[in-house]
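Enquirer: First the structure, which I've put down as C-alpha cells, then a few questions once you've had a look.
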Amino acid sequence: MKNNAQLLMPREKMLKFGISALTDVELLALFLRTGTRGKDVLTLAKEMLENFGSLYGLLTSEYEQFSGVHGIGVAKFAQLKGIAELARRYYNVRMREESPLLSPEMTREFLQSQLTGEEREIFMVIFLDSQHRVITHSRIFSGTLNHVEVHPREIIREAIKINASALILAHNHPSGCAEPSKADKLITERIIKSCQFMDLRVLDHIVIGRGEYVSFAERGWI
C-alpha cells in the first residue's frame, strides 16, 4: 500500500499540470509502479537515475549493468526497454505523417530515437517527396566504432527507385561527441555534388551524439 500511496503524488501532479511537469524521478516511478523490499518506488527511481547518470544512461544500459542494482530484476529491465522501443516506434509513425521541415525538432528527436545507444556508426537517409513528406527512411550503411563507409551512388540508386526528390542525411557518433569530422564534411560535399546531377536536394546532414546533435543546415554548411 505504501508504494501505491507514494505513486499517487506523481499521478496527481500529472493530471493537474500535465505529463511534462513531472521530474525524471517521478516519470520513472510511474513506469516502475512498485519499489523493492524496504525501498519505495520514488526512492528506487532516484537511486537508479543516480547510478546511471541520466535517463539516457538508464534506457541504453545493458542487462549486466542493470542487474547490478540491488533488487532490480529482468521484469523492470524489460519494462524500461519496452519504453525505449515504444518511443522509437512512435517517432517512426509520426515521421511518416508530418513534414520534417515543418517540425525540425521532431526530426531530430526521431533520429535520436533511432541512433542513440548504437555501438557502431550508422548512416541513415530520410527520403522525401517533392512536398518534403517522408517516403521512407533507411539505415543504408553501417560501420565500426568510429567509421562508416558511405557510397553516394547507393544513396542515389535508392532515391531514384522510390522517386524521392530530397534527402536528409544522418549518422551517429558512438563516442558521444556530435561535432562533425573533416571526413563527415567531405562525404557530405560528395553526396551533395552527386545528387545535383540527378536533381536531388540534400536538405540537411544531422550528426547525433550523446544528448547532443549538430545540423549542417543550422551551421550554414548546406
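The first residue you see is number 1, and the count goes up from there.
Even glycines carry a Cβ here, placed using N, Cα and C.
Under the heading Zn(2+) binding site, Swiss-Prot lists His171, His173, Asp184, citing sequence analysis as support. Feature annotation from Swiss-Prot assigns domain 'MPN' to 100-222. Look at Swiss-Prot and you will find 171-184 tagged as motif 'JAMM motif', backed by sequence analysis.
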Enquirer: So how many of the residues in the motif 'JAMM motif' (171-184) end up helix, strand or coil by DSSP?
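Expert: Looking at the motif 'JAMM motif' (171-184) with DSSP, the answer is 3 helix, 2 strand, 9 coil.
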Enquirer: Output the one of His171, His173 that, of all these binding-site residues, has the highest number of other Cβ atoms within 10 Å of its Cβ.
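Expert: Ranked by Cβ atoms within 10 Å, first place goes to His171.
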Enquirer: Name, in the order they occur in the sequence, the residues of the same chain whose CB lies under 8 A from the CB of Asp184 (Zn(2+) binding site) and which sit 6 or more residues away.
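Expert: Non-local contacts for Asp184 (Zn(2+) binding site): His171, His205, Val207.
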Enquirer: Around the Zn(2+) site recorded as His171, His173, Asp184, what other same-chain residues have a C-beta within 8 angstroms of the site's C-beta center?
Expert: Glu121, Phe123, Val148, Asn172, Ala178, Pro180, Ser181, Val207, Ile208
